[in-house]
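Some features that TrEMBL has for this protein:
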type	residues	note
BINDING	A:ASP67, A:ASP131	Mg(2+) binding site
SITE	A:TYR101	site 'Interaction with target DNA'
Amino acid sequence: MEVARPEYVPDPSFSREEMEALQDDIAADAAFADDHGIDPDALRLTDTVEDEGDYDPDGGPVVVGVDQAFTDDESVSAVVAIQDGRVVARETGRAPLEIPYVPGLLAFREGRSIVTALDSLSVPADLLVLDGSGRIHFRQAGIATHVGVVFDAPALGVAKNLLCGTPRRSLDDYYREGTRIPIEATDRVSAPIGTVIGHAFQSRQYPNPEKRHVNPLIVSPGHRVSAETTVDFVEALCAGYKLPEPTRLADAAADRVK
DNA sequence: GCGACAG
DNA sequence: ATCTTGTCGC
């Protein structure tokens with residue numbers, strides 16, 4: 001796919017102030033409303049994705065999972081494209097690690113390898129699934145929003161932990177599979193307080209509440225997807241595991257390359 | 001000064 | 001994220 005906004009490609013050499021200013025611009029250009037034409041049912045997976053296949057121009061929506069693995073000095077990104085339950089394309093990208101991890105500035109540390117990998121992807125992506133937050137971010141410009149706006153493609157973020165915002169119910173309790181808990185903006189987020197910026201989604205759970213319990217996923221809109229539809233998409237993309245299939249496959253691919 | 005903090 | 005074996009629960 002092609003970069004639509006070159007000026008937004010994350011540059012690790014920026015100062016912290018420049019990074020934050022760029023994020024404010026990106027958030028202003030981001031759309032947190034549905035603009036994709038994808039029916040969640042068209043993404044629904046019946047089983048785990050294991051087969052490879054050829055891209056079909058007349059087939060269903062292409063969902064691209066993105067994830068990273070790290071070595072001492074570089075980040076490795078893997079992107080896996082799925083269409084109608086089959087892997088139709090996969091690509092990798094590498095970039096040197098130039099800055100440390102700073103909460104809120106993740107895209108500047110891992111963004112280059114992602115852009116490189118997506119840039120070399122030959123099939124058109126209808127939806128990007130990033131690891132990390134989108135709108136659940138201090139300036140509403142998490143890595144999912146950042147990458148989505150750079151390519152002007154529908155995107156969403158799937159995280160394992162909450163960066164900011166307040167869940168309407170405690171995330172430490174036991175919830176049955178399918179439970180959705182809205183995450184609202186607080187004064188630390190650049191959105192009106194109370195705005196639903198994402199959800200905690202219980203994609204997987206153990207049967208006995210007394211014993212073990214699984215933590216919910218934290219999902220949020222990246223670009224051109226609403227908070228509600230974001231959960232619909234993630235739910236449709238999960239096939240028996242805690243993480244959605246695109247993310248699982250990208251995760252495995254990145255580790256494999258490393 | 002204190003607290004909070006995706007991967 | 002990464003360094004790492006066994007182990008508990010279903």
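Note: Cβ is positioned from N, Cα and C throughout, glycine not excepted.
Unlike curated entries, TrEMBL annotations are predicted automatically.
A quick note: this is a predicted structure, and the numbers were derived from the prediction, not measured.
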Would you mind pulling the DSSP three-state label for A:ASP67 (Mg(2+) binding site)?
-> strand
Specify the count of other C-beta atoms within 10 Å of the C-beta of A:ASP131 (Mg(2+) binding site).
-> 23
